[in-house]
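Engineer: This is the structure I have questions about; it appears just below.
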Amino acid sequence: MPYLFQDLFALVLATILAPLILYLPGLGLVRLLPRCGVAVEGSWERIGWAMLLGLSILPVLDTLMIRFGGIPAMLLLNGLLALWGARLRGVNIRHWRAIFPLLVAAMLWWLICAWSYVDIDINGSLYQSFTILDLVKHAAVTEQIVREGIPFSDPFYARDGVAGYYHYFYVWPAAIRWIGGDLISARMAFVATAYWAGFAVIALIWRIMADAAFIRPSRDYRLLMLAILFCFMSGADLLFMLFRFLVTHRIEPQLDTWNSEVRTLGTSLIWVPHHVSAMVAAWTGMLLLVHPERKSGGAWQPICLALMAGTAFATMFGLSTWIAIGIAPFLVGWACLTLWRRNIRLLIAGVTALVLSIPQFHDILDARTDGSFPLGIGVRSFTPFLEDDSIGQQLLRIPLLPLNYGLELGLCAIGAYYYWSHRKGRSDRGAPTRALLFWSTLVTLFVASFLRSTIIYNDLGWRVILFTVMATIIWTLRYAQSIPSLRKLRPLAMTLLVLGLAGTTWDIIGLRIIRSPLFPVRPIELNNAPPISHALRDAYGWADRHLPADAVLQYNPTITARGIDFGLYGHNWPSIADFQANLFGASQKQVDDRLAVVAPIFNQSLATSEMMARARAARIDYLLFTQRDPVWRAHHAPPTTTPCLYRTPLICVLAVPSEGRP
């Protein structure tokens with residue numbers, strides 16, 4: 001069967017399984033809400049809460065279940081919750097014509113996810129999406145949880161101990177992978193969960209707007225459709241792409257290469273659904289904490305909500321450390337304020353989160369050997385002309401921050417400005433949620449502007465800005481729901497609307513199409529040899545069937561900036577993945593030392609004895625050579641007299657003798 005059809009078939013199965021594993025058990029958690037003083041009216045509201053609670057509360061509980069009982073224990077917990085919540089009244093679909101556009105939107109979203117991830121094979125060549133850059137990590141962690149449970153060993157650097165990483169999101173695709181067996185790959189299981197995480201984002205937008213009293217009468221349906229649209233509304237990045245082309249006669253497949261990344265919620269779900277889910281968990285916890293207490297309720301109700309909120313915060317930490325760091329200053333300040341007012345609800349939530357996060361804290365502290373502090377101070381970069389870290393340029397970037405964010409947020413920046421400039425006196429209804437929206441955005445925007453992460457990329461600045469993206473969407477929707485037609489938009493708003501949708505379209509098309517030789521782009525190392533990519537998928541499939549499950553299979557870690565295919569298609573991890581193999585806790589010195597041992601095997605002509613000695617020193621059991629390796633090109637053949645266990649015109653897999661191996 002062609003790989004395209006294999007991936008599509010697996011994605012369809014995974015898409016069916018995903019909501020049954022996480023959202024259906026969420027209905028059981030919804031039954032707790034009335035007992036905690038939260039009124040839930042109607043089936044659609046129950047479904048929305050089920051998505052939010054399933055994504056915000058279950059991951060930390062599921063992770064603990066896997067830690068102590070494996071994936072079967074997780075499925076047992078989720079199954080019991082699903083049975084308990086199965087008494088949901090039937091959803092009213094009598095007005096099916098009204099929800100038909102929503103179904104069309106859901107189908108289009110599925111097609112976007114498929115386009116963004118499945119492999120397309122044509123005549124012995126494999127064409128991959130640009131998202132494989134991150135998918136290698138997602139698939140590898142998912143596969144590790146299936147194989148080893150939690151904690152798991154480092155898939156990017158062969159060493160003793162466990163990996164230190166935020167892995168809670170991956171228990172969801174791991175359960176799908178475990179149930180599906182050989183029919184569902186870790187890759188497609190992950191894609192299905194990214195798809196369904198998008199529904200929780202829409203549920204969150206609705207929940208915030210409802211609690212903030214932002215939804216106008218009879219505007220429910222319009223608001224829902226606009227929320228979906230604005231999740232794909234980028235800024236004015238396309239203008240800079242035009243400027244780049246006019247100056248350099250070159251374009252890029254992704255727009256945000258011109259500036260520090262600010263992605264739409266939609267494209268963020270494609271690339272990093274775990275970070276988006278962490279933002280959902282943070283907001284769910286905060287909404288539970290500001291929910292008004294019932295006068296008739298007992299002392300148990302606020303404690304119940306605090307416990308649920310604390311569980312959501314623990315999930316947030318396990319989904320994304322960067323999201324947790326970004327929102328932590330706000331939560332700490334809020335907790336101090338509530339304690340001063342003699343309200344211990346937030347204190348209870350914080351203690352709950354800390355207790356549930358003890359195993360995750362232990363794994364991270366025990367596994368990470370680099371010892372460097374993960375945060376640094378620096379003003380957010382702005383354009384390639386102002387990305388230097390000199391004091392002068394950083395000071396210059398401070399007054400340009402409004403322009404920086406204005407260009408990145410586009411129409412939503414205008415909508416947020418309109419909301420605040422036309423804001424009149426508000427009723428008390430929804431005031432706590434509106435205050436929460438403002439202050440959390442202000443604090444996280446400060447963090448995104450003046451702090452940065454120091455591990456590989458500035459993930460802190462890239463991810464914590466999601467709170468601002470969410471807030472500007474909500475403030476824009478407050479007024480957009482009342483606009484009768486597009487013709488009522490002013491020219492600036494219409495221009496930004498077109499630029500925003502065109503920019504997101506560019507990003508989605510650019511995942512596959514905007515490449516050389518069709519377009520004038522710089523050389524991209526990913527999937528630049530489709531025949532070899534196809535041969536590697538074949539080879540890793542063979543290795544999965546014929547090599548021991550714990551065997552270390554090493555390819556050339558320096559041939560591209562990021563090792564990809566081993567995590568996408570294989571189950572035999574390498575001794576070292578690439579230059580960025582410190583992702584899961586190995587120190588940069590360990591990575592550099594290991595590269596110095598392994599790289600010459602593939603890049604230099606060595607005697608067979610030295611080649612094997614280097615391989616044994618790096619814990620390697622099997623070597624995988626490709627036709628593009630420098631040593632193969634030099635000899636026009638695999639660089640050893642040792643017979644290949646697996647041989648094609650493009651690939652050779654050979655065993656490393658074990659004698660004398662340390």
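Keep in mind that glycine also has a Cβ here, set from the backbone N, Cα and C atoms.
TrEMBL does not curate its annotations; it predicts them automatically.
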Engineer: Match it up for me: which of 43-61, 157-175, 347-365 does TrEMBL list as transmembrane segment?
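Structural biologist: Going through 43-61, 157-175, 347-365 one by one, TrEMBL gives transmembrane segment for 347-365.
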Engineer: Compare 12-32, 188-209, 221-247, 322-340, 347-365 by their Cβ pairs under 8 Å to the transmembrane segment (267-290) and return the stretch that comes out on top.
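Structural biologist: Against the transmembrane segment (267-290), the leading stretch is 188-209.
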Engineer: Report the listed stretch (98-118, 221-247, 322-340, 461-480, 492-514) having the maximum count of Cβ pairs within less than 8 Å of the transmembrane segment (436-455).
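Structural biologist: Ranking 98-118, 221-247, 322-340, 461-480, 492-514 by Cβ pairs under 8 Å to the transmembrane segment (436-455) puts 461-480 first.
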Engineer: Between the transmembrane segment (188-209) and the transmembrane segment (12-32), do 3 or more CB pairs sit under 8 angstroms, pairs being 6 or more residues apart?
Structural biologist: yes
Engineer: Which bits of the chain, at least 6 residues beyond where the transmembrane segment (322-340) starts or stops, bring a Cβ under 8 A of a Cβ in it?
Structural biologist: 275, 278-279, 282, 313, 316, 346-347, 350, 375, 439-440, 443-444, 447-448, 453, 459-460, 463-464, 466-467
